Amino acid sequence: MDCLLLLQQILVVLFTVVFFWKLIKYMWSFTKIEKEPVRVLVTGAAGQIGYAIVPMIARGAMLGPDQPVILHMLDIEPALEALKGVKMELIDAAFPLLKGVVATTDVVEACKDVNIAVMIGGFPRKEGMERKDVMSKNVSIYKAQASALEEHAASDCKVLVVANPANTNALILKEFAPSIPEKNITCLTRLDHNRALGQISERLNVHVGDVKNVIIWGNHSSTQYPDVNHATVTTGSGEKPVKELVADDRWLQTEFITTVQQRGAAIIKARKLSSALSAASSACDHIRDWVLGTPKGTWVSMGVYSDGSYGIQPGLIYSFPVACAKGEWSIVQGLKIDEFSRAKMDATAEELIEEKSLAHSCLN
Ligand SMILES: NC(=O)c1ccc[n+]([C@@H]2O[C@H](COP(=O)([O-])OP(=O)(O)OC[C@H]3O[C@@H](n4cnc5c(N)ncnc54)[C@H](O)[C@@H]3O)[C@@H](O)[C@H]2O)c1
Ligand SMILES: O=C(O)C[C@H](O)C(=O)O
C-alpha cells in the first residue's frame with residue numbers, strides 16, 4: 001500500500017515538473033525577438049559560385065541559423081534571364097531565413113544598404129591561364145564597383161573579394177573606395193586554407209575538423225605559401241604538431257605545397273570549370289568567422305590589408321593568419337618564421353607588388 005502511494009506521489013511530481021517545464025518553454029518562445037535581417041550582396045550571382053553560395057547564405061551557413069537575410073544579387077545584362085531564374089529558385093526553396101531577394105543589373109540598387117558584400121562578379125580563368133591573365137578584365141570591374149559600394153552600402157559593410165586576381169581586385173577596390181575602412185576590405189584565401197587542412201587530413205588519415213592552424217601566406221595564386229609549421233592535430237592524447245605526425249619534412253616542403261598551390265588548376269583540368277562549391281563554402285566560412293569569431297586558440301587565413309606585420313610591405317592585400325572577435329580580424333603576431341618560410345613569404349609578396357603595378361597599368 002505504502003509503495004503504491006509513493007509511486008503515485010512520484011508520478012504526480014514528475015507530471016507537474018514536465019507540465020511546468022513545457023509551460024516555461026512555451027512562454028519563453030514568445031519572448032524571443034527575431035533579429036533584424038542582414039543584407040548580403042552577391043555579385044556575379046548568376047555564375048557558378050553565385051549559384052552555389054546563395055542557398056548556403058539563405059540556409060544560415062554564412063551568418064548563423066538564427067540570422068534572417070535579404071539577398072541582393074547583381075549580374076550583368078547578358079546574364080539577367082539566368083539571374084531571374086536563380087531568384088525564382090530561391091523563392092521556390094522557401095528558406096525560412098530568407099526575408100527578401102533583390103535581383104538586378106543596377107549596381108546602385110544592388111549595393112543599397114548592404115551589410116556584407118561578396119564580390120564574385122568577373123571572369124574565371126580557363127585551362128592553361130594564370131590568374132594574372134584575367135587581370136585587365138577583372139580589375140576594371142572592381143574599380144567601377146568600388147564607388148557604388150562606398151556611396152550606397154552600409155557604412156560598416158564588410159567586403160569579401162572572391163573574383164580573381166582576388167588580392168589585387170581587393171586592393172583596387174580599396175584604392176577607389178577610400179572612405180571604406182581598410183579593415184573592412186578582404187579577399188578570399190580561406191579556400192586555400194581549407195585545401196591545406198584537407199591535404200593534411202588525407203595524409204594523416206584524421207578528420208579534417210581535428211586539424212587546425214595551417215597558414216596561407218600571400219597571394220591567392222600559385223606563389224602562395226601554405227605553411228604547417230604551427231599547425232596541430234587534436235588526438236586522443238592532446239594536440240600534436242602536424243610536422244611531428246607527418247614526420248616527412250621533404251613532403252611538407254615540396255609535394256604538399258605544390259598540391260595546395262596548384263589545386264585550383266587541378267580542378268579546372270578535371271571539371272573544365274573552376275572550383276565553385278568549395279569556393280562558395282569557403283566564402284561562407286570566411287564571413288562566418290569574421291562576423292561570429294574564431295574559436296579560442298584557432299586562427300584562419302584571410303587576405304587583409306598589410307600593416308607591415310612579418311615584414312610584409314604595408315598596403316598590399318596579403319594573406320595572413322588572423323583571429324577574429326567581435327566582428328574584427330587581427331593578424332596573429334609572434335609566430336616564429338624560419339629561413340625557408342621567409343623566402344616563400346617574400347616571393348609571394350613580390351608577385352603581389354608586380355600585380356599591383358600591372359593592375360595600375362591596365363587601368364591607365
Ligand atoms: N578566391 C578564390 O578562392 C576563388 C575560387 C574560385 C573562383 N574564383 C574566381 O571567382 C570568379 C567567379 O567564378 P565563377 O566560376 O563563378 O565564374 P562564372 O563565369 O561562372 O560567374 C561569374 C559571373 O560574374 C558575372 N559578371 C561579369 N561581370 C560582372 C560585373 N561587372 N558585375 C557583376 N557580375 C558580373 C558574369 O556574368 C557571371 O555570371 C572568377 O574570377 C574566379 O576565378 C576565386
Ligand atoms: O584557380 C582558379 O582560377 C580558380 C580559383 O581561384 C581556385 O583557386 O580554385
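Just so it is clear, glycine is given a Cβ too, placed from its N, Cα and C backbone atoms.
Predicted automatically and left uncurated, TrEMBL annotations should be read as such.
Copied over from TrEMBL:
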ACT_SITE  His220  active site, proton acceptor
BINDING   Gly44, Ala45, Ala46, Gly47, Gln48, Ile49, Gly50, Asp75, Asn138, Val162, Ala163, Asn164  NAD(+) binding site
BINDING   Arg125, Arg131, Asn164, Arg195  substrate binding site
DOMAIN    38-185  domain 'Lactate/malate dehydrogenase N-terminal'
DOMAIN    189-357  domain 'Lactate/malate dehydrogenase C-terminal'
TRANSMEM  6-24  transmembrane segment
Note = Taking every pair from Gly44, Ala45, Ala46, Gly47, Gln48, Ile49, Gly50, Asp75, Asn138, Val162, Ala163, Asn164, which the record gives as binding NAD(+), the longest CA to CA distance in angstrom is 17
Inquiry  = Cβ under 6 Å from an atom of ligand 2: which of these binding-site residues qualify? The list is Gly50, Arg125, Asn164, Arg195.
reply    = Arg125, Asn164
Message = For a three-state summary based on DSSP, what are the helix, strand and coil counts in the domain 'Lactate/malate dehydrogenase N-terminal' (38-185)?
response = 68 helix, 28 strand, 52 coil
Note = Counting Cβ atoms within 10 Å of each Cβ, the densest environment among the recorded positions Arg125, Arg195, His220 belongs to His220
Request  = Let me know how many other Cβ atoms fall within 10 Å of the Cβ of Gly44 (NAD(+) binding site).
outcome  = 26
Message = According to DSSP, does His220 (active site, proton acceptor) sit in a helix, a strand, or coil?
response = coil
Remark   = Tertiary contacts of the transmembrane segment (6-24), defined by C-beta under 8 angstroms and 6+ residue spacing from its ends, are none
Message = Looking at the domain 'Lactate/malate dehydrogenase N-terminal' (38-185) alone, can you tell me the average pLDDT?
response = 96
Inquiry  = If you compare CA-to-CA distances from Asn138 (NAD(+) binding site) to each of the recorded positions Arg125, Asn164, Arg195, His220, which comes out shortest?
reply    = Asn164
Note = For Ala46 (NAD(+) binding site) and Asn164 (substrate binding site), the CA-to-CA distance in whole Å is 17
Key: Mapped DSSP class for Arg195 (substrate binding site), helix or strand or coil   = helix
Remark   = For Gly44 (NAD(+) binding site), the closest of the recorded positions by C-alpha position, picking from Arg125, Asn164, Arg195, His220, is Asn164
